[in-house]
């Protein structure tokens with residue numbers, strides 16, 4: 001009995017020790033895990049769910065919503081593509097897809113600045129930042145060239161020319177980014193994350209040139225005789241102007257703000273992540289949505305008659321939908337022509353059409369009915385102004401007092 005009770009006590013002690021060990025390990029894991037994240041989440045992705053660093057969750061939500069809207073716009077444009085018949089609206093569809101692809105890349109790159117950096121993440125950041133912005137700015141520059149042609153001449157460049165120009169302009173930034181990575185990482189064998197903020201900004205000078213040229217060319221899209229395309233130019237100008245403001249703000253904060261606020265590198269990643277999300281939404285709201293809306297609008301009916309244009313003959317629709325020209329409502333009245341008036345005077349007995357000279361020895365004859373009929377013949381307008389009745393001369397009128 002004594003041995004059995006001793007064994008039970010030992011078993012209870014072992015179970016109590018195991019329970020305390022489990023509770024202690026769980027408490028230590030909870031203490032090391034950020035609030036809002038799971039236990040099995042890698043430390044690299046803690047910023048995506050850490051409630052103590054709320055900026056990551058906010059920027060993540062904004063970027064995710066922007067990515068969904070961009071995908072929806074691409075799907076709408078793809079579905080409605082067979083119904084776009086107008087040549088000037090169908091030619092830039094490829095450019096629109098390219099621009100939406102670059103905007104989607106900006107929203108996706110935002111997550112690379114939220115998670116913790118390593119060698120791979122830093123290389124992706126340094127390469128894709130300049131390339132994606134170069135793609136978007138190149139598409140905006142090609143669009144500015146197209147709208148300027150449409151406003152001035154009424155016809156734009158072909159679709160392959162727009163896409164080719166955008167890709168060629170983007171290729172320059174690809175070469176710059178590759179050279180920067182090769183010279184600093186491969187040749188000098190430095191870590192990919194070991195770079196100064198000034199070096200990062202200097203590698204983006206070409207993007208700044210594209211943005212400034214786009215802003216300058218967008219100003220000329222507001223001048224031209226084809227006014228139906230000026231609204232596209234206005235939205236393009238707004239997009240370029242807001243992009244300039246965003247770039248000035250983030251470069252000021254990235255280069256000087258963190259130093260002045262004595263934050264070190266703590267705010268570098270939030271600054272760049274917010275810049276990507278804000279730029280993506282500017283591109284979507286002020287360029288992608290207006291352009292796609294304009295592209296999907298039905299074409300104008302060029303053969304529709306303008307009933308308010310008096311310089312054109314009026315048209316009416318017959319039962320067979322044939323256009324028949326009608327006479328003008330303001331036809332010239334020829335009843336008062338001088339030839340008919342002189343003929344009427346000769347008929348009344350006045351030689352050579354002279355009203356004031358009578359032949360000697362004769363009082364002449366009273367003007368006959370043809371004379372009175374030739375004096376005045378009302379026009380259609382006179383009938384309308386007279387209330388629909390034809391004005392006639394009184395019975396005692398002799399026809400002598402014509403004016």
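We number each residue from 1, going along the chain as drawn.
Just so you know, glycine gets a Cβ as well, placed from its N, Cα and C.
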Same side of the membrane, residue 119 and residue 298, by Swiss-Prot annotation: no
Out of 95-115, 305-325, let me know the one Swiss-Prot marks transmembrane segment. 95-115
Region 'Disordered' per Swiss-Prot: which of the ranges 349-371, 372-394 is that? 349-371
Select from 200-220, 326-346 the stretch of residues annotated by Swiss-Prot as transmembrane segment. 200-220
Decide whether the stretches the transmembrane segment (272-292) and the transmembrane segment (163-183) have at least 3 CB pairs under 8 angstroms, with pairs required to be 6 or more apart in sequence. no
Please work out whether the transmembrane segment (235-255) lies in contact with the transmembrane segment (163-183), by counting C-beta pairs under 8 angstroms that are 6 or more apart in sequence and asking whether there are at least 3. no
State, in range form, which of 57-77, 95-115, 127-147, 163-183 has the highest count of Cβ pairs under 8 Å to the transmembrane segment (200-220). 127-147
Taking DSSP states H, G and I as helix and E and B as strand, how many residues of the topological domain 'Extracellular' (116-126) are helix, strand and coil? 8 helix, 0 strand, 3 coil
What is the number of residues in the topological domain 'Extracellular' (184-199) that are helix, strand and coil, as DSSP sees it? 7 helix, 0 strand, 9 coil
Report the mean pLDDT of the predicted model across the topological domain 'Cytoplasmic' (148-162), rounded to a whole number. 89
